[in-house]
C-alpha cells in the first residue's frame with residue numbers, strides 16, 4: 001500500500017467506485033434477502049457460505065463511498081482519519097474473503113455430486129459454519145499484518161505530510177511486508193485457485209456423463225463467473241505481490257489492478273444466480289415484487305399479457 005497506489009487519473013477511480021457501488025449494492029442486498037429467506041425455510045450449507053460472501057461484499061460496498069469521496073477530492077483524505085485504516089482493512093480483507101468462500105463453495109458442490117451418499121450423512125451446515133469462521137479469521141489475520149507493522153514499526157501515514165490516506169513504509173518495514181504479501185498471494189489466492197479449478201473440472205466431467213442440460217448450463221455459468229473473479233478481478237492484483245517481492249518495491253501499476261478487484265462485488269451475484277435453480281426462482285420472484293412496487297404499471301402489463309396468451313390472471317391483490 002505505498003504511494004504508487006494513488007498515482008494516475010483520480011476520476012477513473014471515482015468512476016469505477018461509483019459504478020461498482022450503484023450496480024453491486026442493489027444486487028447484493030437482493031441476494032442477502034434471498035439467502036436469509038432460504039436459510040429460514042431450509043438451511044443448506046452452500047447457502048450459508050454464499051450468505052457470508054454476500055456480507056463480505058456488502059461490507060466493501062458500504063465503505064466504498066469513503067473511497068469515492070477521497071477520489072473526488074484528488075486523493076486527499078478529508079474525512080475523520082479513523083475511517084482511513086478501517087476502510088483500507090475491509091477493502092483488502094474482502095478480496096481474500098471472496099477467494100476463500102468461492103473455494104469453499106466449489107468444494108461443497110464437488111462433494112455433493114461426487115460423493116452424494118457420504119455427503120448426505122455429514123453435518124454439512126455445522127461444518128459450513130466452522131468453515132465460515134475459519135475464512136473470516138484467515139483473511140482478517142493476514143490483512144491485519146499491514147496495520148500491525150504500521151503501529152509496531154512507527155510507520156507514518158502520509159496524511160501527516162500530504163493529507164492522503166496511504167502508508168509510507170521504510171525499507172526495513174518493506175522487508176517484512178513484501179514477503180507477507182507474497183505469502184498472501186500464494187496461500188489466499190494461488191492455492192484456492194488450484195483447489196477451485198480442480199473441483200469444478202471434476203464436477204464438469206462428472207455432470208457431462210448424465211446430468212440434465214439445464215444443470216450443466218448452470219454449473220458452466222457458475223464456473224465461468226468464478227474463474228472470471230479469480231483471473232480478472234484478483235489475478236493482476238496478486239501478481240503485483242509477486243512482482244513487488246522480486247523487485248523489492250511496489251509496482252507503479254498496482255493501483256490500477258487494485259481497481260479491478262472491486263469489480264468482484266458486481267460479479268459475485270452471478271455466482272449466487274448460478275448456485276441453484278431455487279435461488280434463481282426466488283430472485284425472479286423478489287425482482288418481480290420490486291418492479292410491481294416501484295413501477296405499478298408493470299403489473300397491468302403482466303395481466304394483459306396473461307389474458308392475451310389465454311392464461312388465468314392471478315387472484316392476488318397488488319402488493
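Placement of Cβ uses the backbone N, Cα and C atoms for every residue, glycine included.
According to Swiss-Prot, residue 165 and residue 277 sit on opposite sides of the membrane. Per Swiss-Prot, the stretch carrying the note transmembrane segment among 150-170, 255-275, 276-296 is 255-275.
The feature transmembrane segment, as given by Swiss-Prot for the ranges 72-92, 219-239, sits at 219-239. Counted over every protein chain shown, other Cβ atoms within 10 Å are most numerous around 165 among the disulfide-bonded residues 84, 165. Here the topological domain 'Cytoplasmic' (120-127) is broken down by DSSP into helix, strand and coil counts: 5 helix, 0 strand, 3 coil. Contact check: the transmembrane segment (128-148) against the transmembrane segment (44-64) gives at least three Cβ pairs closer than 8 Å, residues 6 or more apart, which meets the contact criterion. Of the Cβ pairs linking the transmembrane segment (44-64) with the transmembrane segment (255-275) and spaced 6 or more residues apart, 3 or more are under 8 Å, so the two regions touch.
Under the DSSP three-state reduction, residue 165 (disulfide bond) is assigned to coil, being neither helix nor strand. Note on the topological domain 'Cytoplasmic' (207-218): DSSP counts are 7 helix, 0 strand, 5 coil.
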